[in-house]
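Here is the structure we will look at.
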Amino acid sequence: MSNRKYFGTDGIRGRVGNAPITPDFVLKLGWAAGKVLARHGSRKIIIGKDTRISGYMLESALEAGLAAAGLSASFTGPMPTPAVAYLTRTFRAEAGIVISASHNPFYDNGIKFFSIDGTKLPDDVEEAIEAEMEKEITCVDSAELGKASRIVDAAGRYIEFCKGTFPNELSLNGLKVVVDCANGATYHIAPNVLRELGATVIAIGCEPNGVNINEEVGATDVRALQARVLVEKADLGIALDGDGDRVIMVDHEGNKVDGDQIMYIIAREGLRQGQLRGGAVGTLMSNMGLELALKQLGIPFARAKVGDRYVLEKLQEKGWRIGAENSGHVILLDKTTTGDGIVAGLQVLAAMVRNHMSLHDLCSGMKMFPQILVNVRYTAGSGDPLENDAVKAVTADVEATLGNRGRVLLRKSGTEPLIRVMVEGEDEAQVTAFAHRIADAVKAV
């Protein structure tokens, strides 16, 4: 990564009211982005958002900045991140902008850009936008100012797109599904997609009020979904996150099915159908069980850095079509250009229906290794914990003990001041102790 001032691994993100998520900054960001994007000739930008209360304020600021640079904005209203990527492609817009902090609490928000082809903006374009941010805002001539409009039935367009990724010859008739929309951007989309494909749907997390997004619901907290699946005696549960780019599932017994297992099911089904091209891409956090299960099927596996943009880069580098993070970002390049929770969930449902198998049974070919993750908050500017000699020594000792039957990974979060300590191995008690031992060393820095 280059030394960029504002853009992180997933756009610009922070606490609302604190720099950079302030009205004046976002107005200037809209202007700077408009100046850079206008060089490519198009004058149209798609703007979508999740259900955070701050989205109203930030979309107004963005639109004002874009208009000053001479670009027009088309609003989608609350819409999943992958829907904005899709609409950007279908409208041939110069870019799409999503106002969301994904799985974070309501008091955070962020700005993320898509290019004309529905993929994340290249680094050099983000750098050009940052360079424009250092200049004084100017305004185009009045006759050249941008306009604002709303996209008619944006939700309906995306619902039809999602349904189109599900095989025409299959139906969800007879399946009882609980879907948890995290009080986020999929609340008016996912239940309708599933119902229209024939499922009996129980929807939770579908009452957004601006401040309850991701609050004890959604892909980052599946406890409510697990409980509801058991109470309803449902066939499965589907949990999406606040902006709909992640999916975590729950089987009929209430067991959590994460992004690694979801990718395993989709990759294996692709192999069975003769549609798998190449291998599958995971990340440094992907479970060793996934790697071993894919190897047994003869499916090549590669690891990318953590972050869906790096999974996508690795897919493009290898010419493969399927990648995922264990957090639930699943990228299926034969269907879409970015992580799409609804579309990924539909492919798992298709495998269930086609094979007459439960979600639990579809997961049975993959044995998950115990993987313990401990997050340690650190103070920026107090030295790099990853370069500390004591931390390095403890880590090396743990790695030597695990040998080739486990892994240790220490990395910084791309969005928060956290060190993520991950230890993986065959014995859960052992890896838990090792993870906390390393975490204690990090805390002592």
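Cβ coordinates are placed from backbone N, Cα and C, and glycine is handled just like the others.
According to Swiss-Prot, the active site, phosphoserine intermediate annotation covers SER102. Residues annotated as Mg(2+) binding site in Swiss-Prot, with sequence analysis given as evidence: SER102, ASP241, ASP243, ASP245. Taken from Swiss-Prot, the feature phosphoserine applies to SER102, supported by sequence analysis.
In this structure, the CA atom of ASP245 (Mg(2+) binding site) is 8 Å away from the CA atom of SER102 (active site, phosphoserine intermediate).
Each residue contributes its Cα atom, and for ASP241 (Mg(2+) binding site) and the residue listed as 'active site, phosphoserine intermediate' those atoms are 7 Å apart. If you draw a 10 Å sphere around the CB of SER102 (active site, phosphoserine intermediate), it holds 30 other CB atoms from the protein chains shown. Across the structure, the residue listed as 'active site, phosphoserine intermediate' and ASP243 (Mg(2+) binding site) are spaced 5 Å apart at their Cα atoms. Taking the Cβ of ASP241 (Mg(2+) binding site) as centre and 10 Å as the limit, one finds 34 other Cβ atoms among all the protein chains shown. Within 8 A of the CB centroid of the Mg(2+) site residues SER102, ASP241, ASP243, ASP245, the other residues of that chain are ASP50, PRO80, THR81, SER100, HIS103, GLY184, ALA185, ALA219, LEU240, GLY242, GLY244, ARG246, GLY339, GLY341. For the recorded site, ASP241 (Mg(2+) binding site), the DSSP three-state label reads coil. It is ASP243 that, of the binding-site residues ASP243, ASP245, has its Cβ surrounded by the most other Cβ atoms within 10 Å.
In the three-state DSSP scheme, SER102 (active site, phosphoserine intermediate) falls into the coil class.
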